[in-house]
Amino acid sequence: MSPRAQELFSRFFIKPPLVPLLILASFIPGFWSMGNMRILAEAISVDGIVVIGMTIVMIAGGFDMSVGAVMALGGVAAVVLLPHGLAVSVLAAGAFGALAGTLSGTLVTRLRINPFISTLAVMVMVRGAILAYTDTRPVVSLDDMFLALGEGRPVPYAFMIMVAVAITAHVWLNGRPWGRHVYAVGADETAAAMSGLRVGRLKLQCYLISGALAGFAGMLLAARLGTGSPIIGESTPLSAAAAALIGGASLRGGEGSVGGAMIGLVFVGGLVNAMNLLGVASYYQSMVIGGMLFALVVADGAFLRLRSS
């Protein structure tokens, strides 16, 4: 297949277009209202921070199934540690997330365990630990300063934080040597190692960042809801992966961008929001997202085979 044909296949088949979704959404009553736009901004803010971390890991050739459980860990840790101060609470959420990410990265880089299996194991361990600690019940926060983090008008604070994180990640991936090294590791790990890059260390850093961002996102969600729930984020890994894939990331690594991931995030978030407005049941929504992810994975594999031929 010619390079031009490969580009067209990737652009128009693998990545569902955002514009048709926005056009269709315009026919749904209330979709473009200020109230619904705020709801959409709140919804994609927390997920967006997780998507950024997932994208970084996927660029490096990995995958992180633990982000949903780590979100729950960050939310619970933040609420539990609030009596020690807001700063301690916020830092603890990111620190616990970074610890979980480091564990995932260690399993992948040191023990050479498949990323899906490694992060799935961490997901199960973290989720089980939170459920045991909380006795399956959410922990409630009444701290006004903490709850204020989940507010902000007309633009939610979480949305502004997500934009800041996205800009920072974009600069590091595209304007710093570290970012170029991450792309090199994802594109060809063996060649990257032969060129002198510390492959294991770079991949470990990517998982640490993903975990820290997931924990921080969980803290923001807890601030918005007023509770740290041990069961949040169960579908987050799939929706985050779908957003990253739509934005141009690949399961084979070495591809993707933060900007593309944000477009994928708006696509997935807008789709879920539209289904909510139409009264589509949550289990049907999960089926739609799962089916879309399945199609993206199949298309990604097909593109890889076409490119190699």
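Each residue, glycine too, has its Cβ placed from N, Cα and C.
Per TrEMBL, the feature transmembrane segment maps to 12-32 (among others).
Sequence-distant contacts of the transmembrane segment (44-63) (same chain, at least 6 residues past either end, Cβ-Cβ under 8 Å): 71, 108, 115-116, 119, 156, 158-159, 161-162, 165-166, 169, 173, 182-183, 185-186, 189, 202-203, 206-207, 209-214, 216-218, 220-221, 224, 236-237, 239-241, 243-244, 247, 249-258, 261-262, 264-266, 268-269. Among the features that TrEMBL reports, transmembrane segment is placed at 44-63 (among others).
Taken from TrEMBL, the feature transmembrane segment applies to 69-101 (among others). Counting only same-chain residues 6+ beyond the ends of the transmembrane segment (69-101), those with a CB under 8 A from a CB of the stretch are 46, 50, 122-124, 126-127, 129-130, 133-134, 139-141, 143, 145-146, 207-219, 221-223, 227-233, 236.
Per TrEMBL, transmembrane segment is recorded for 113-134 (among others).
What TrEMBL lists as transmembrane segment is 154-173 (among others).
Listed as Cβ neighbours of the transmembrane segment (204-225) (distance under 8 Å, sequence separation of 6 or more from its ends, same chain) are residues 42, 45-47, 49-50, 52-54, 56-57, 59-60, 62, 64, 66-68, 70-79, 89-90, 93-102, 104-106, 108-109, 119, 141, 146-151, 156, 158, 161, 165, 182, 232-233. The transmembrane segment annotation in TrEMBL covers 204-225 (among others).
Beyond the transmembrane segment (258-278), the same-chain residues lying 6 or more positions past its ends with a Cβ under 8 Å from any Cβ of the stretch are 15-16, 18, 21-22, 24-25, 28-31, 36, 39-40, 43-44, 47-48, 51-52, 54-55, 166, 169-170, 173, 239, 242-249, 284-285, 288-289. Look at TrEMBL and you will find 258-278 (among others) tagged as transmembrane segment.
What TrEMBL lists as transmembrane segment is 284-304 (among others).
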